[in-house]
Each structure stands twice: as C-alpha cells, then as structure tokens.
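Quick look at what TrEMBL annotates:
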type	residues	note
REGION	1-43	region 'Disordered'
COMPBIAS	14-34	compositional bias 'Acidic residues'
DOMAIN	56-127	domain 'P-type ATPase N-terminal'
TRANSMEM	321-345	transmembrane segment
TRANSMEM	365-390	transmembrane segment
ACT_SITE	Asp436	active site, 4-aspartylphosphate intermediate
BINDING	Asp436, Lys437, Thr438, Glu537, Phe578, Lys601, Arg634, Thr714, Gly715, Asp716, Arg849, Lys855, Asn878, Asp879	ATP binding site
DOMAIN	901-1155	domain 'P-type ATPase C-terminal'
TRANSMEM	932-953	transmembrane segment
TRANSMEM	965-985	transmembrane segment
TRANSMEM	1015-1039	transmembrane segment
TRANSMEM	1051-1070	transmembrane segment
TRANSMEM	1077-1096	transmembrane segment
TRANSMEM	1126-1149	transmembrane segment
Amino acid sequence: MSRERADSQGSLGPDDEVMPYSDDETDDELDPGSDGEGPRVEESGWRVKANNRVFCNLPEFQKKYFLCLKKSKYAGNGIKTYKYNALTFIPLNLFEQFKRAANLYFLALLILQIIPEITTLPWYTTLVPLVLVLGITAIKDLVDDLARHRMDNEINNRKCEVLLGGRFQVSKWMNIHVGDVVRLKKNDHIPADILLLSSSNPNSLCYVETAELDGETNLKFKMGRKVTDERLQEEHQLAQFDAMIVCEEPNNRLDKFTGTMRWRKDRIPLDLDNMMLRGCRIRNTDECHGLVIFAGADTKIMRNGGKTRFKRTKIDELMNYMVYTIFVILVLLCAGLAIGNTFWYEEVGSKAWYLNDGKDQTASYRGFLSFWGYIIVLNTMVPISLYVSVEVIRLGQSKFINWDLQMYYQEKDTPAKARTTTLNEQLGQIEYIFSDKTGTLTQNIMAFKKCTIAGRTFGDPANVEGVRLDRGKPVDFTWNKYADRKFAYLDHSLVACIRSKKDKDVLEFFKLLSLCHTVMVEQKEDELVYQAASPDEGALVTAARNFGFVFLSRTQDTITISEMDQEMTYEMLALLDFNSDRKRMSIILRFPDGRIRLYCKGADTVIYERLSPNSRHKEVTQTALDIFANETLRTLCLCYKDISQQEFDAWAKKHKAASVAMGNREAALDRVYEQIESNLMMIGATAIEDKLQDGVPETIAKLAKADIKIWVLTGDKKETAENIGYSCKLLADDMQIHYGEDVNEKLRIRQANRRDQPPAFGRTRKKVPDPFFPEPGRNALIITGGWLNEILYEKKKKRRRLRLKRLGKRPVSATPQDAAQPIDDWEKETRQVDFVNMACECEAVICCRVTPKQKANVVSLVKKYKKAVTLSIGDGANDVNMIKTADIGVGISGQEGMQAVMSSDYAFAQFRYLERLLLVHGRWSYIRMCKFLRFFFFKNFAFTLVHFWYSFFSGFSAQVAYEDWFITLYNVMYSSLPVLLVGLLDQDVNDKLSRKFPKLYLPGQQGALFNYKNFFISLFHGIFTSLVIFFIPYGAFLQTMGQDGEAPSDYQSLAVVMASSLIFTVNLQISLETSYWTFVNCFAVLCSIAIYFGIMFDIHSAGIHVIFPSTFTFTGVASNALRQPYLWLTIILTVGISLLPVICIQFLYKTIWPSVGDNVQRNRKKYEMEEEEEKKSVPFQRGRRSRRSAYAFSHSRGYADLIASGRSIRRRPAIARPNPRDSIREIENI
C-alpha cells in the first residue's frame, strides 16, 4: 500500500500517483459558493441549445471585441493561425518590418537624403539596399504565411456530417457551430468538443484514440447517457432533440467536465465520460452522434496549446544591442565632426574668399547641417545589409538540416524539418534539454522479453534443450494459427516445454495470463485484435496468445480461451480491478470441472506480502526479479489461490454489500478484496521491455559530455519514469536520488534559516548561494507534480481558503513557524530560485505526473532564473505548451499525432537525431554566424571610418572619401559574397569529429565566439585597418609624380586607390578567417575582386558619362590611376600592412594558446583515420528495490466496471448458447 507522508503542516503530502491540475483550475472553482466538489454549473454562463444556431447569437451572449462592435462569445469552429490576407499583407508586413529599429533608422536616413541642404549622398545609396532588405524579408514572410494558410485550409475544410433542416448534410469543419448535432464514423477525427448522444455500439459505447491529447495510444471508451441512447438513434429523433446543456465555461482541463442536460423535464448529469474532445479519433465504432459543446478556440486542445511566443536567439538580442551601441558611437562621431566643422568655418572657411558659397549662414548653423550630413555619410556603420545577409544564412542552414540524409528516418519516410529559419545558431548554445518520455525516449511499444516459472527462467537465446546460445533464431510460431506474426521470441525451450504439456506450472502460468486481465477482443478479417487499458497488459495477453493460450471472447460473466487448440469457457465470478493503491488485479473463476480459483497478478512489493507460507519458489523468483530489474525490465508477479464454495459464498455476500455502499465505496471494496487476496501461491513472474528508441542512451551520454543537462518531464508514474531513467543511462547506480519529500524538507530548512536572519541581511540574495548537496557524489532529483506544486507554492491551497471563507474564518498569515506558506511574493520567488538552484546541482532531474502547464512552468523557471538557453522535445499534444515555452521546440513525429510537430521549431522522427542537430548543425550554425557577424562589423568599420579620417583634411565638410557608386555597391556586390559563404559553408572540423569531441560544443554555451569583447575587437580592428587604408595612400599622394610627368594626386585617384586597397584587404582577410575551403569560396573571393574592377572600369568610362553626366563623374579615373606602378605598389603596401598583424596574432594564438577546436583541427587527419573502439558493455548493478514492478505502478485502471456491467456486450437472444466467437466485433487495426 502507498506510504503516507506528512508535510510541514501535518497534513498528508501530495499523492505521487495523481496528476495535479490545481495550476489549471478554472475561475468558476474560485466561486465562494462552490462546495469544493466542483463548479456550480447551474449558475454558469455557458449554455448550449441543441439544434438551435440562433440561440448562440442572442444579445445576452454578445461581447465587445473592438470599440462598440460586438460578436458572440461562442467561437466558430474554424481555426486561424495565419497572419496576413491579400489586403493586409503589404501594410501589416511593412509595419512589422519597420518595428525593427534598423529599418526605421534607414527610412529616416532616406528622408534626410531627400533634403537638399543636408544630403551628401544620392538617395539611391540608401533606397536600393532598403528595398532589397524589405523585399527579401517580405517574400520570406509571405512563403511562411502561405504555408500556414494551406495548413489552416486543410483542417478547416475537412468534411463532417451535420444535422441541418432535419437531415444530415456534409459540411466543412469551419461551418460547424455550437449546438449542432453531428454524425461521426469510424476513423473520423473529432471536429470539436462533443457530447456523445448515441452510437451503433451497445449502450452508446464509443472508443476514441486520444494520442494527440495525452500521448497514450491505448483506446479510451466514452459512453452516452442512457436516456439519449434509447431516444436518439434515428435521424428524425435527433432532429427533434431540443435539450438545453448548462456546463462549465471553456477551460484547459483535459481531466474534467461537469454539466447538466435539461430535456423533457429531466435533469441529467454529464461528466467527462460523456465528452469526446477535439483532437481525438473515433475507433472501433461504426457510427456515433454528438452535440457540439465547445468549438474552435474554446476546445480543450486549443486551450492547452499555450500562447505562441515570438522566439529570438541570444545572438539576435546581442546584435540589436550592438546596433544601438554603433548608433551611439555614430552620433558621438557626428557630433564631434559637426563641432569641428563649426570651429573650422570660424577659423578658416569664413576667411578664405575662394570658399565663399554665397550663403548667409552662421558657423553654428553650418555645424548643425554638417551633423546631419555626417549621419548620412557614416550611416554604413549601421549596416542595413546585415539583416538580409543574416536571413539568407539562416535560410541556407535550415535547408542543410532538411537535406541531411543522416537525420532521415527511412522506416517512416520522415526527413528532418526545420520549421523556422530564425533559430539555427541558438541550437549551438543549448544548456538544458527538457524531454517528454513516452514516445520521445521510448517507442511506446511493450514487448514480452522474459519470464520465470516455478524457479526456472526463460527468455535468453536458447535451443530446444535449454542450452544457451550467443545468437538465437526467432521461434517459429506457425504451429499456432492465432499467433501474432509481429511477436518475436528467442528461447526455443519454453515453446518446447509448452507443446510437450509435461510441465503443469508452465501451462498454468500462461493460462493465468490469458484469463486475468481486462482486455477487450475484436476481430478484423479473421484476425484477433486486442484492445487493452495499457500497452503492458496487451503485451502479456499477446504473449499468452503466441504460446498457445489464446483469449477469444468474453461476456459479462464468462471468458473463453483456446488452450493449445482446445476451446474452454470459464465462468467469471468476480473481477477485482487494478488501481494505483492496490497495485494488483485478480479474477475469480469457476472452472468447467466446478473448481473455484483466484488468479492474481501485481507488483512484487504487494504480492510477496500476501503469499502463503507454503508457497514455493519465493527466493528464486525474487532473485530472477532482481536480474530483470537490473536489465530495467518491467516486472510482474503471478500467483493463484484455490477457494472452496463455502469460502466464496461468504466472501461474495461481503462483496455485494460493499459494492452497493453509499459512502466510501472504493475503500469498502478494497477491504473486501484484501480478505480474499491472501495465502496466495506463487507461479512466477513476467518481464516486459518498454522499448527505448534506438540510440537514446548513447545520445544522452554524448550530450552530457557536451555539458548539456537533460530533464525528463512526463505525465507517467514515478516508478515508470525512474525505470526509464535507468534504461537510458540518465540515472546511474552511484547517484544519490532525492525525492519530493526530501527536496521539500531541504527547501523548508533553507527558508526557515533565511527567516531567522536579520531582515536586511535575509533579503539580500547571495550571488553564489550555498550548495544544497555539499557532500561529494552525484545527485539526481525525482519529483512528482503534486510535490512540485507543494514546493513552488502553487494554487493548491485554493479550496482550503474557500472553506475558511465559508466558515467565516480568515486565513492566518504565515509566520516563521508556518513554513508551508510564503509571507509575500519575494519569498515565493526566493523559494522558486532555491528549487531551480537545487535542481541544477543535480546531474539528472525527472519530473513525473506533471500536467502540460507544469511542464511549461518548469521550463519557464529555468529560463527566468538561470538565463539559460533551453530546448524542449516531445511528441504529443500534452508537450505543446512546453515546446512553445522553451527557446527551441523540437517535435518528434511519432506515435502520438502531429500536434507537437505543428507547434515545433524543428521536427524529426527519432530522439537520437537530436545529437546531430545540436553537436553538428547547431555548433556549425553558431560558429558560422559568429564568424560572419565579427567579420561583417569589421569590414563596415574599416569601410566607414575612412570618411572620418578624411574629414580632418576636408574641412569637416561631410565630403565623402569614395565615389558614390562604390558606397552603394560595397555591401551589395563587392564584399558580400565571400563572407556570406563563410556564414553558410564554413566548418572548423567535420561532422564526425564534432560528434566525437562533444567538448567542442562548450564555446557556444559560454557565448565565447560573439560578445561585446569580440565586438570591440572588431571595432578596433576596423579602426586600425581604416587608418592604414587612408593614411598610407594619403602619404603616398603627397609628393607623387607619374611616369608621364603628371601628378595623379587628385581626390578621385585617391578615392580609387583607397577603394581598391579596401576591396583587396577585406577579401583577403575573410580568406584568412575561412577554415573550410571549397571551390565556391575560392571563386567568391576572386569573383568579388573581379566584379569590383569590372564595374569600376565601366562606370569610369566616357560612354556612360555621356549618357548620365551628373551621375557618373569619375570619367577615366580608374584607367588613369591604375596604370601607375607607383599606385599599385601603394595598394600592395596598404594591404600588406593591414593583414600582417592579423597573421601574426593568429599564429601566436594557435601556437601558444590553442583552443580545443584548434587541437582537434591540427590532428583531424589522425582522428579521421582512427577507428572508434567498441564500447564494452558495463554490467548493470541493481541499486534499490523500488526499481522493480514498474508495470504495476504504471498500469492504469482497466475495463472491469465496463465488463462487469455488461454494457460492452451486445444483447443476444437467450435461445441457445452461440459460439463464443460470435461476440467478437469488428475492430480497426491500429
């Protein structure tokens, strides 16, 4: 039985088996009039009138949504995720783009350039790059939004039958309204949250698949109310249905629905068992009818989606701050130059007659105009082309992820997909990964692996005689016509033992598995298909089926099986179902020969307490259980008990009395079950494997070496999650595991100590807090959702406060002794910080039985208090909130539908691909982006600051140092391609070495490759290069004489020499920065230089000057200047002096202070030739008893109530007993 724990107030601690929803409680539960059992639906404002669309549009249900405009509070069923339509695209997109500071800045520059008194550059120098940036971004946004339009249209245009005008008509999902009656058929998706009225199954039973809602692939059953089942089967009956539904307001709770149906003077209570939720799918039911209660955005699945957050990378934020820094530097420079212009005009300009421009302007006013002129001249310090280049690089990196064949899952034809193009470099900075368990780490497929029967263990590869083999062939089950072809087993001795029928214990073992369960059976195309309440139970019944004990059918009081081709029917006297407290289930059967026997299966912890002293094989079975647990298999003990008729009759009376008890019925039944489940005889135990996805342990180990912490957040039971933690090597035997109660106590002590300190000192948060685990060793934390609420002071105290309010009492404020309540918000926040610090001290954290909202809250806490880059990965709709909250969201396209994928930033089919996504694509993307940004800032500083130095020799007149067309084309044509290709293709080491040395990932986590230090290094590098590029040509031009006796020391020749030196310098500089050379990189560098000279000679030609004399004024300058050897020598000297310090510094760094990457790069050929040694498998040491019997803890309540009631069994005439297989109904093979 479960252990009771006391919290600091003496009340019982949270139940580890229950998933808390206190954080998701709706507003109606805060109603002081509530009795604590649920919302008072009679006073709720949510009313639905069947077959009446007009009702929802009545004035009383209207609400304002814009100014005085109103609309119905009932949402339509269409969904809208797109942002633009044909009319709003251009204005909205431009509005969004101009919210970006850089774009707005360049628009202001363009306006300034139109003013004649200020402009120093033609307007097209800004307009061309601005239009290019806006156009490319708009096209990208349009493509993304068109994809959203297609997705929305696909969902909204799905077909469904709706009752309109007295008959069912095919309608689109988006045209469905609240109050409509709909008809759904087998395999249909459920279009809205629907109240089940009737179905083609007995008692309006309807099976639904809820994989997209809760991640569970086993089917759930829903049931219509008896009154609707009897009266609403035909179309005309449904057309006359006019009930009023009064229920709770729309909310995000998947586990609760409360309402009342008023119809024909009856008031029928409604609960979740009567509701079919959007996102589910109809299974095993030919036809059903339902009433739409919530539609569209009001449905529970949409309410659970969380808000779509705009995600930005750390580099994006840093880049924006750096642009602001550049802007401040720009304003300071322009102000200084404007002041210089004022003084120069007063001292020189106003006194030189040849400088008189005829304008009557003061020196101060001229300085003011000069300020704006320099803003225009130096605007390239804030590079507009930076943003479009970043977008192009990100798009290319996303394509590389999409095209990566090593992340392609051939089995399901699923490639990796980058669903966003804005977060790639963030993949190289991940510090925390938050992972779902079921379907993400595991395949959500259970397989029967081993068993121990009467002291003998089976399951390892063995021949018919039982001799162990290194490699075994799968057993041939063709002798069994009922065998499941997908079932694989390697121990031939077990099959031989069964077929010989000599070992009675083995036969009894599999007979128990075929009889003691709550599985439902259906038949499809002459094949049996089992539907179990959990995958574990399905695996056990399937195993029995393959070994010759086949469950064929059941009625309300019989079970029919085939025992080695001999059909036998047993009378079911009682079914004692599983629950989380009992951790076992039993069935009492009357055999054909009249014997009464109880079969029981359950967790070893509860079975061993109930074994008879005369039971054999206890010790050897426990040894086998230890071995199974070491292999992280999910174990289950099987036992039996023979019961006399008198004993059963006495017990049956007690059972009947308990089953009709009005109060504490479940507790009464548990006590009666305890009486009969005693003195059991052990038969053996089973071992089931919850299959991990391929490569999960290796991936987790590799990511851990990259200093990435992995937290598992799952809705599964604690025991199951812990077992998987060991299976995937997230947990190890040398770890000290801390559970919820331990964590709560440590935090309570820390809080009490803080309260005891003086107020001023206590409220000062230490920069480096004291560790929670000072002792050496590795720690892990396993905490349930209930304890998470307890620790983080969530809303679990709501009902207590309401009760006190009704009793007229006021809640007592927290005191130093009342450590379970926060004094104020600061203390609550401090408690959260403490919890995050404690969790981050652990090497592994597993949060189990947590709700979707709790998953998101845990991610938010780490983001908020650790300022860490987070990644969430999951595969179900219950992971959507977590995926949206994290900096990066990854969806696994697996067993549980596509909700997670649709909300994710990246999607692929297997968890193991996460290693390649982060260590290869993420690291490369980060390195490339950082290198691109460093060089981009450098080349723009080197280019722009030449104007600054030139201003000292031009009277601070805002005269440009280059030709206008060179300024326009520098960032677009002359220097963009090489740096763009470095951002797209560069790699320091190849993908194999990136995965072999995870430590290469660390610089990204530390943000070491791009930060303010790197920014200022680029700034000073640019200042140095601009000094060299200006002053060496300037010095060379001071006393120059050409070969023809002419002095080419004019301004235009100087501009050409400086421009040529700059182009050579920046293109050779990027060549020095390139780590990975391809033909494309080489071509880009040479092509950029060639394009520069080609365009320069063209625009300096006489022909173009004749056509546009005012636009192209550098006629013949290039050909005249560049034929002088002296000037070529000047260019070579300038380039050489610019590059020499960089070459020396790089040599010293790589030689004296090499990084991990430098060492790997130096020895990469050696590493590439080495073959990786095969890892030796380390024997697994069993750590603790609690790691056993995961099946019993994880198993959910079965179909016992449904079976016992007979509601799942078709009504049959009582003429003669038909063949038991007649009860097998058609089922969809899922």
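From the backbone N, Cα and C atoms, a Cβ is placed for every residue, glycine too.
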Mean per-residue pLDDT computed across the domain 'P-type ATPase C-terminal' (901-1155): 88
Integer Å distance between the CA atoms belonging to Asp436 (active site, 4-aspartylphosphate intermediate) and Arg634 (ATP binding site): 19
Candidate ranges 321-345, 932-953, 965-985 - greatest C-beta contact count to the transmembrane segment (1015-1039) (under 8 angstroms): 932-953
Of 321-345, 932-953, 965-985, 1051-1070, whichever stretch has the most CB pairs under 8 A to the transmembrane segment (1077-1096): 965-985
Residue distribution over DSSP helix, strand and coil in the domain 'P-type ATPase N-terminal' (56-127): 32 helix, 9 strand, 31 coil
Cβ-Cβ under 8 Å with the transmembrane segment (932-953): same-chain residues at least 6 beyond its ends: 315, 319, 322, 333, 337, 340, 374, 377-378, 380-381, 383, 386, 389-390, 393, 959-962, 970-971, 975, 979-980, 982-983, 1009-1010, 1014-1015, 1017-1019, 1021-1023, 1025-1027, 1029-1031, 1034, 1058, 1062, 1065-1066, 1069-1070, 1073
Among the ATP-binding set Asp436, Lys437, Thr438, Glu537, Phe578, Lys601, Arg634, Thr714, Gly715, Asp716, Arg849, Lys855, Asn878, Asp879, as the record gives it, the longest Cα-Cα distance in Å: 33
Cβ packing number for Phe578 (ATP binding site), 10 Å threshold: 23
Binding-site residues: Arg634, Arg849 - member with fewest neighbouring CB atoms within 10 Å: Arg849
Spatial separation of Asp436 (active site, 4-aspartylphosphate intermediate) from Arg849 (ATP binding site) - C-alpha basis, Å: 11
Alpha-carbon distance [Asp436 (active site, 4-aspartylphosphate intermediate); Gly715 (ATP binding site)] in Å: 8
Packing count at the residue listed as 'active site, 4-aspartylphosphate intermediate' (other Cβ atoms within 10 Å of its Cβ): 28
Rounded distance in angstrom between the Cα atoms of Phe578 (ATP binding site) and the residue listed as 'active site, 4-aspartylphosphate intermediate': 26
Alpha-carbon distance [Asn878 (ATP binding site); Asp436 (active site, 4-aspartylphosphate intermediate)] in Å: 9
Cβ packing number for Thr438 (ATP binding site), 10 Å threshold: 29
